[in-house]
Amino acid sequence: MLTPIIRKFQYGQHTVTIETGMMARQATAAVMVSMDDTAVFVTVVGQKKAKPGQSFFPLTVNYQERTYAAGRIPGSFFRREGRPSEGETLTSRLIDRPIRPLFPDSFLNEVQVIATVVSVNPQINPDIVALIGASAVLSLSGIPFNGPIGAARVGFINDQYVLNPTTDELKESRLDLVVAGTAGAVLMVESEADILSEEQMLGAVVFGHEQQQVVIENINALVAEAGKPKWDWQAEPVNEALHARVAELAEARLGDAYRITEKQERYTQVDAIKADVTEALLAQDDTLDAAEIQDILASVEKNVVRSRVLRGEPRIDGREKDMIRGLDVRTGILPRTHGSALFTRGETQALVTATLGTARDAQNIDELMGERTDSFLLHYNFPPYCVGETGMVGSPKRREIGHGRLAKRGVLAVMPSASEFPYTIRVVSEITESNGSSSMASVCGASLALMDAGVPIKAAVAGIAMGLVKEGDNFVVLSDILGDEDHLGDMDFKVAGSRDGVTALQMDIKIEGITREIMQVALNQAKGARLHILGVMEQAISTPRGDISEFAPRIYTMKINPEKIKDVIGKGGSVIRALTDETGTTIEIEDDGTIKIAATDGDKAKHAIRRIEEITAEIEVGRIYAGKVTRIVDFGAFVAIGGGKEGLVHISQIADKRVEKVTDYLQMGQDVPVKVMEVDRQGRIRLSIKEATTPDAEAPEAAAE
């Protein structure tokens, strides 16, 4: 008989339940975690042995949403879930980032975490539930893991922090921040904010970390009751003698190599040193393992760079700890794009474009939480040439999706509302060179390109990546880190914002012991760097251009009586299709009668407006119109009087005398004046030619189209 073991606790305004022992008993561990009807089933499987020759930790995290969780059937052709959506990919990364640093450095066994959303309450985002589940299964599994971790979402409403706000509450919140960490340290932060101060952001991180302690306590209690035995795994002992020999041969040479400021030249020199040392040691003793020598070389290399920083010496490229690399900022460099910018910071460079489209260009997103439309898109591309490599070129990888989302978070707070600027906007960042923080270069480039496109953003935004080197109580925070400093350091801390505050904060920490003091230093140092970059950007362009590009569609707005919408659309869309073909414009109609006309030519837009005014104009009884015969029948003729309206001239209303045959007086396409005699309740129009041709009749009002 299956007997589940359950922990239930209050987490802010929600009740969380963690259950194990009922399902997936062949997995290493499995839990069902629920928070107010949002339930995520999380499993972990770990291989007992590492693959021979394995050189990295093969951790895989898959987060997947099932449409049955929301009581729906997939809308795809095959009626089943397909490749991961962008949201699923981002949540997979969100889970991966805080758990990866908690595995031992030398643990190389394959581990796979799968989180499946099986029930969803639209008010509760499953990502926090999935994070709690991943922490619980790894803690229960016995796999070497220095957890558990907790996770929390923090909102900021009416100047108060809110723990795990609902979907509706988030709409009113100036902050959407996710924080994860162990009992003693924050490990990961992901956030977007509506221009909050550094103090408010830091307060949110600390608040979330304090509140999530209840999660850690309950997971520990569950492990005590249902946890599996710890694996009998021991790290391979360090070969101290070999380590000393490698350090003796390589340390000084690597120190010299890391004084080379140009990245590719430095890499070439470092690779040559490693090859020389490996060859020399193998020549002395062919029983040595080349892979082990390479691992020790990597350790020596890391120590060389870190110790220099901690001693206060210049960094790899000769900078002091708070110096920003040289900046080059240019706008309007691509003649036919709607907006463009080239942002260069040292050896990191982004070519960024902004394209304006209409509402029909917006992205329709069908998520588990419901359907929504996104009119601001930001895409990030990282081709292999940007780091001097060859490789596959194709659909975006997880990293590109994640970096694009971070850059979008950085810009989102300053974007105009749809009523202020009724365009769909797509920003694309092409990374043409990379040596540290290309995502923050994308934020800077996006701000510049949007201004160049004439998008009325509220303020310029810039981003900067901070790093950390920490040994014991000694630490140094680095501004504008290089790729090597990111790889060899203890923290990747990215901040984007305007002169007035922070718009996005992302933090990934590889060690425990990051204190509030360190985060405060990093935020303050990042603010200084951000303001410096903004100053340089403002020299290139300080405010959005006064007009959009001549190649961008211009949107003209007009309002009609909602009851006339059917007239503009026509039967089966016939009228609006004819209008767009005739005028060469794009026409969009909203339910309240608002019509948006997009055109690259102002005359075409004016023509479309005039035609819509004709179609929606009220027909006045007693007024004479210029008409055109469109159909002839035995009992009269149908005459178009403009604006897509047509009326009947009865045979008795054609002439003052008796008419035996309509075609004796009228022909198809003939222009005739007609007087409106009546418009009945069904909108049918009765016309008269003879009343319009009396001597005292007024002149026709307008020619028929």
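Cβ atoms are placed via backbone N, Cα and C, with glycine included.
The DSSP secondary structure for Asp486 (Mg(2+) binding site) is helix. For Asp486 (Mg(2+) binding site), the count of additional Cβ atoms within 10 Å of its Cβ stands at 17 [all protein chains shown]. Sequence annotations record features per position, and here Swiss-Prot assigns Mg(2+) binding site to Asp486, Asp492.
Marked as domain 'KH' by Swiss-Prot on the basis of sequence analysis: 553-612. Mean pLDDT for the domain 'KH' (553-612) in this predicted model: 89.
According to Swiss-Prot, the feature domain 'S1 motif' maps to 622-690, an assignment based on sequence analysis.
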Secondary structure at Asp492 (Mg(2+) binding site), reduced by DSSP to three states: strand
The domain 'KH' (553-612): DSSP-derived helix, strand, coil residue counts: 32 helix, 16 strand, 12 coil
